[in-house]
Amino acid sequence: MNELLKNRSFCLIWLAQIVSRFGDAITITIIFYVLGSSSNNPFIISLALFAQVTPSVIFGVFMGSLSDVCSKKWIMITSNIFSLCMVTLMIFFLDKLLILLLLIFAEGICSAAFYPARTSYISDIVGDKMIPNAIAISQSTYSILLIVGPAITGILIPFFPISHILIIDAITFLISSILIFYTSTKKESSSNKKFGLKVSFFSSIKNGFVTVYKISVLKLLIVYMIPVMLSIGVLNTVYNSLILQTFKVHGLIYGISEGLFGGGAVIGSILGSYLLKKISPSRLLIYNIILLGIWMIFAYPLLFLFQLIGIIPVLIWVLIIGLTSALLNIPTITLFLKLAPKEYRGRAISFLQTISNFGLIIGAILGGFISLFIGLVSTLAIFGIIIAIISLLVLNIKIFKPLTTIKTVNEGNVRSPKQI
């Protein structure tokens, strides 16, 4: 930890992450607040989620390889500048749904380019030995900003016009770009040169896909995650509609609820690191998804508790949703990082993100559409039942045995593909 804090470039990229993640939190919180408050149609929020996530599905694989053949530093700076422009334009089109969705989509393209480049750039800065500590700091920072960003935005909403808050948002991307500009690494140019000369851009994508596909456990994991991420997409849509439209949570309380979601994510991050020493990442993932499914079904009694007690049960429910979300990410990413060959990890993660986000998109649209006919709570409960049943089947079906019998991290790390 001390060694990382002495690394000037790492500190700058870390600060840039804090600032840009805070900007992202402002953007998402404001968009959901504006759309949720101005319409009683949950399908509108589905469209916003669709616009936000679609770029990573369409461009995610390309962006993962782009950082191998171009300057990661300038990819991040350029992405931030374009994000600044998109957020600034949002100020003038908050009441124009179609244009706002197009701007959300454009800002999503910037994010799809920024985050793979940042992850790869951190490894160039700190070196292989310090990667685990650097990633741990990065993940913790992200979880904390899930609390701070929405909470601060929620506090600002009652006191400042939305346009003023978006100006603050735009400034965060400018500050992030300046911080990144002053970072440096000796490794990036040689790494990019190597890939640029020996492997073409499209060949690197193909090689990454073939390599991941040949690892049976990763293939099984992807098959399992498709229906899971579809259900998470439903949850994302119904969750925001439920909070804003059913429970009528607005302003400061909405910010607090978003902060509690982030608080649950922090708890989940800490708990996940501990549990990975006791339970294999695959089983931790499956058990957590079963818990998440049960918690989605719990939306039924939550309605009764809300009428009986008030907002407190809703806030507790949000906290646990945040916790299970973090416990979903940690074992999944751990499996991909441990099982994919080192030189393919960036592309492996980008494939995972593409598939996951595709499920999120379909789930978001499906959730918004189905909820129009059977209601928000019933939609949430049905998909909770689906992922719980699928997870129980995965634990007991023979074909998934290679996935469910992986060793714990504490038992000498996850087994390599050759051992499975």
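Every residue gets a Cβ built from N, Cα and C, even glycine.
Taken from TrEMBL, the feature domain 'Major facilitator superfamily (MFS) profile' applies to 217-420.
Annotated transmembrane segment per TrEMBL: 12-36 (among others), in sequence order.
Residues or ranges marked as transmembrane segment in TrEMBL: 42-62 (among others).
The transmembrane segment annotation in TrEMBL covers 74-92 (among others).
Positions annotated as transmembrane segment by TrEMBL: 98-115 (among others).
Residues or ranges marked as transmembrane segment in TrEMBL: 136-159 (among others).
Taken from TrEMBL, the feature transmembrane segment applies to 165-184 (among others).
What TrEMBL lists as transmembrane segment is 221-239 (among others).
According to TrEMBL, the feature transmembrane segment maps to 251-272 (among others).
For 284-309 (among others), the entry in TrEMBL reads transmembrane segment.
Beyond the transmembrane segment (315-337), the same-chain residues lying 6 or more positions past its ends with a Cβ under 8 Å from any Cβ of the stretch are 139, 143, 146, 217-218, 221, 225, 228, 232, 235, 239, 243, 256-257, 260-269, 271-273, 275-276, 281-282, 284-285, 288-289, 291-292, 295, 298-299, 302, 345, 348-349, 352, 406, 409, 414. Per TrEMBL, transmembrane segment is recorded for 315-337 (among others).
Residues 41-47, 49-50, 53-54, 56-57, 60-61, 63-65, 116, 119, 208-209, 212, 222, 225-238, 241, 332-333, 336-337, 340, 382-383 of the same chain lie 6 or more positions beyond the ends of the transmembrane segment (349-374) yet place their CB under 8 Å from a CB of it. If you look up TrEMBL, you'll see 349-374 (among others) marked as transmembrane segment.
What TrEMBL records for 380-397 (among others) is transmembrane segment. For the transmembrane segment (380-397), same-chain residues at least 6 beyond its ends with a Cβ under 8 Å from one of its own Cβ atoms are 224, 227-228, 230-231, 234-235, 238-239, 242, 283, 286-287, 289-290, 292-297, 299-300, 363, 367, 370, 374, 403-404.
Same-chain residues lying 6+ beyond the ends of the transmembrane segment (221-239) with a Cβ under 8 Å from its Cβ atoms: 42, 45-46, 49, 282, 289, 292-293, 296, 321, 328, 332, 335-336, 351-352, 355-368, 370-371, 376, 379-380, 383-384, 386-387, 390-391, 394, 400, 403. The list of residues near the transmembrane segment (284-309) in space but at least 6 beyond its ends in sequence, with Cβ under 8 angstroms from a Cβ of it, reads 228, 231, 235, 242, 246-247, 272, 275-276, 317, 320-321, 324, 327-328, 330-332, 335, 376-377, 380-381, 383-389, 391-392, 394-395, 404. Residues 16, 20, 23, 27, 31, 66-67, 100, 103-104, 106-107, 109-111, 113-114, 117-118, 121, 162-163, 166-167, 169-170, 173-174, 176-177, 180-181 of the same chain sit 6 or more residues outside the transmembrane segment (74-92) yet have a Cβ under 8 Å from a Cβ within it.
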